[in-house]
């Protein structure tokens, strides 16, 4: 006779990751009609830019959004790049298998990092429109492949429905995703603003965008140099945890604990490894596979007692202060720009990160793209516009739960002479890391890691101090101009009457006006 537990567990099933995300598409960012459309654009564009950069090609990305059959919530999104293309045998896995890709296992900075993004787009299009995603790609060998791809949700595998090959001299990838239950608007959360923000953080990328009504916008690249390709890098001891160390111990080819520390961690020489082992009371000749949890904890604690070089940045590619300034000037045309790139730090897990901040004041700063009547438009809004990025990719949604937002809100802006509710101010923050600690698979907000919040605060305050100096200089210039206006109005009258009373020729008072007012006049 079966027990109650046997009856309950008769329903025990194993589910694929694709099935999980099909039922929980909101976790990937597919929630709300505007957000869902923007998420498709985001995932496809980040893949396109990553692919071009990895191939050492200056990225050119074309984005086209078309309405299908004049239906208000039915669109086709087309993304085309000039990257290296995709070999034929990888097409099913790239677009149809979740948690598969070239990024998750490599500790280096890229926009995508989970192996979910583009396959999530395929799945969302599939479950809302019933249509496959069309992929057209060529590696530049003269042969172009066109394939219709869908996901076998039960097996987490991509399947090719139709495939054809033809000859054409072209290299790159074009992805066409059809989706329903989505909406297009030029709002804060729409594709236009997403691409505008992408252009600021990626001044080397040229983006051409065609909206559903046919409006063409070209975000020209302000920089003609491809960022140097990042290299995979090991963990740094400053933020490593005991579990991280034990995972490395299982995978390492090193034969001793000291060898493990010096070969699997960055900035640890053989001498430093032996010093750490001595402080931890662990034999440096011990086999890594025999390392216990308690010993791992002691080693982690011992690392805090030794001096180490800062983490390497070989796997990180920040924008750079000069390129960031170029990007902000080209898109925002501000009166003032100041940018900050902080030195690398580490957060939990031994992962290095770099914070970059830019402040733009005046011009188009703090102002949004023109709205089109939706309730989320930024038309007519004033005040500070916080734009967040992770590895140069815009974070448009979930702003309230993000470490960047927490850092910006913690600043007393009045100390810097700024009224953030009215000032034409754009605050740009970018976090670069091999593994950004996102709060969800949707990758739209960063977890409240104390190290990230503190470093972001420091960078913002550094930029805010320069803004304060600019505002002070501008205020003083305005006061001088007002004072000059008063003197220009009354001093000629006084000089003329004084000269008449004295019976002398009226003097030239222009040099005196310049001296008193401290400004130049014609």
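Even glycines carry a Cβ here, placed using N, Cα and C.
Positions annotated as ATP binding site by TrEMBL: 47, 81, 102, 103, 112, 113, 114, 115, 116, 117, 118, 119, 443. Within 10 Å of the Cβ of residue 47 (ATP binding site) there are 26 other Cβ atoms, across all protein chains.
If you look up TrEMBL, you'll see 32-157 marked as domain 'Histidine kinase/HSP90-like ATPase'.
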Quiz item: Does DSSP give residue 118 (ATP binding site) helix, strand or coil?
Solution: helix
Practice problem: Pull the DSSP breakdown for the domain 'Histidine kinase/HSP90-like ATPase' (32-157) and write it out as helix, strand, coil residue counts. | Solution: 44 helix, 34 strand, 48 coil
Self-check item: List of residues, in chain order, with Cβ under 8 A from that of residue 118 (ATP binding site) and at least 6 apart
Solution: 43, 44, 47, 94, 95, 175
Quiz item: Taking the Cβ of residue 443 (ATP binding site) as centre, how many other Cβ atoms lie within 10 Å?
Solution: 27
Exercise. Please average pLDDT over the domain 'Histidine kinase/HSP90-like ATPase' (32-157) for the predicted structure.
Key: 85
